[in-house]
Amino acid sequence: MDVGSKEVLMESPPDYTAVPGGRLLIPCCPVNIKRLLIVVVVVVLVVVVIVGALLMGLHMSQKHTEMVLEMSITGPEAQQRLALSERVGTTATFSIGSTGTVVYDYQRLLIAYKPAPGTCCYIMKMAPQNIPSLEALTRKLQNFQAKPQVPSSKLGQEQGHDAGSAFSGDLAFLGRTVSTLCGEVPLYYT
């Protein structure tokens with residue numbers, strides 16, 4: 001071993017001091033790449049925070065919508081569900097909570113109401129200029145059901161049937177939607 005190599009080992013160790021100025025030094029990277037890397041990391045963090053906030057808002061909105069829908073379905077107030085038939089604009093069907101179903105037939109100018117127990121069906125004529133709203137119709141039908149009177153005329157009486165018999169004729173003149181709703185129960189014209 002020669003003496004020169006021992007001197008190298010005997011030198012004092014290098015100083016390990018803090019980075020001057022508090023800067024982050026990434027070895028073997030030029031300054032412009034370091035700046036670009038810092039900008040990219042900041043932009044990615046901002047995007048992640050924004051996307052997270054949007055997803056939380058969407059989740060809260062979805063939960064609120066589901067809660068409102070569930071309350072409207074199971075709630076005591078009237079549920080008004082509109083279902084149009086194959087011929088758009090000719091019939092509209094409304095389910096009025098647990099009290100019954102109303103069908104507006106705009107082609108035949110008829111309104112059919114079947115109470116929830118399904119013991120009878122009421123048919124009304126409507127004027128094309130004065131179509132009653134669902135609220136007005138519901139009030140009228142609830143008042144009509146509250147009275148213990150006999151319905152004004154049974155739909156078989158006009159053809160010579162007595163008041164106690166059920167009308168067993170062809171219901172095609174009522175249309176498919178009203179016939180489906182009222183086909184198996186006595187019909188009353190109000």
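Going from the start of the chain as shown, residues are counted 1 onward.
Including glycine, each Cβ sits where the backbone N, Cα and C put it.
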Of Cys28, Cys121, the residue that Swiss-Prot annotates as S-palmitoyl cysteine is Cys28
Cys29 (S-palmitoyl cysteine) and Cys182 (disulfide bond), distance between Cα atoms, whole Å:
83
For the recorded positions Cys28, Cys121, the largest set of other C-beta atoms within 10 Å encircles the C-beta of Cys121
Under 8 Å Cβ-Cβ from Cys29 (S-palmitoyl cysteine), six or more apart in the same chain: what's there?
Leu37
Taking 10 A as the limit, how many CB atoms besides its own sit near the CB of Cys182 (disulfide bond)?
24
What does the structure give for the C-alpha distance between Cys121 (disulfide bond) and Cys28 (S-palmitoyl cysteine)? Integer Å is fine.
88
DSSP three-state assignment (helix, strand or coil) for Cys121 (disulfide bond):
strand
